[in-house]
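As written in TrEMBL, here are the features:
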BINDING   Cys88, His91, Cys159  Zn(2+) binding site
DOMAIN    17-194  domain 'GTP cyclohydrolase I'
Amino acid sequence: MREDAFKLTNEEKIDIIKDDVQHILETLGLDLTDDSLKGTPNRVAKMFVKELFGGLNPDRKPSASTFENKYQYGEMLVEKNITVYSTCEHHLLPIVGKAHVAYISNGTVVGLSKMNRIVDYYAKRPQVQERLTIQIVKELQDVLNTKDVACVIDAKHLCVNSRGIRDTESSTITSEFGGKFKDKETKREFLDYIKMDTSF
Ligand SMILES: [Zn+2]
C-alpha cells in the first residue's frame, strides 16, 4: 500500500469513488436518472470502502486477545471450513471458498472465532490467494507466538469461473505450512482432518 493510504477519511474516499463509479456507468451508456440505478454509485462506493476492502484499514484488524493453555492440550487444533469471501486484485471479481487453519499451541491459545476473524480481515482486500494464505499464517504465528501454524484455502475465482475460460468447476488450492507442519506426519494429520466430510 502507499504511504498516504489513510490520509483521506472513509467518507472522503466514498465521495470520490462514488463519482468514479458514476463515470463508469455513464460511459457504458446507462441512464443514472433511472430509479434502480440512481443509488448505485453511492452503494458501490460504500461497499468498497467499508465492506469488500475494509480489511485494508489496520484499525479493523482483530485484537490479539489470547489465553493461557490451561488444559495442557498438546495436539493440533484445526478450524476447518472457514468461509472466505475475497476479491481478486486482477479483475476485482469475487473469490469464494473455504479456509482450513491449524496450530499447535506452545502455551498460548486463541478464541476459536478469532481464527475466522483473521481470515475475514485479510480477505477483505484486493487479494491474490497465495498472499492471503501466507498473511493468515503469519498473523497467527505472531498472535500465538509459535511457528507451528498451517493454512489451506480452496476457492473459486469468479474471474476464471464466469468469464475468460468460463470453467465453472475449477477451484484453486493454496497452502502454507509453518514449523512442525512442515513435517510429513503432522502435515498428513492436518490434511486428513480437513478431508473428513462432516455433515451437521
Ligand atoms: Zn482474477
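The backbone N, Cα and C atoms fix where each Cβ goes, and this holds for glycine too.
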Three-state secondary structure, which DSSP defines for Cys88 (Zn(2+) binding site):
strand
State the three-class DSSP label for Cys159 (Zn(2+) binding site), counting H, G and I as helix, E and B as strand, and everything else as coil.
helix
Excluding Cys88, His91, Cys159, which residues of the same chain place their Cβ within 8 Å of the centroid of the Cβ atoms of the recorded Zn(2+) site?
Thr87, Glu89, His90, Leu92, Leu93, Ile95, His157, Leu158, Val160
Return the average pLDDT for the domain 'GTP cyclohydrolase I' (17-194) as a whole number.
95
Test of understanding: give the count of other CB atoms lying within 10 angstroms of the CB of Cys159 (Zn(2+) binding site).
17
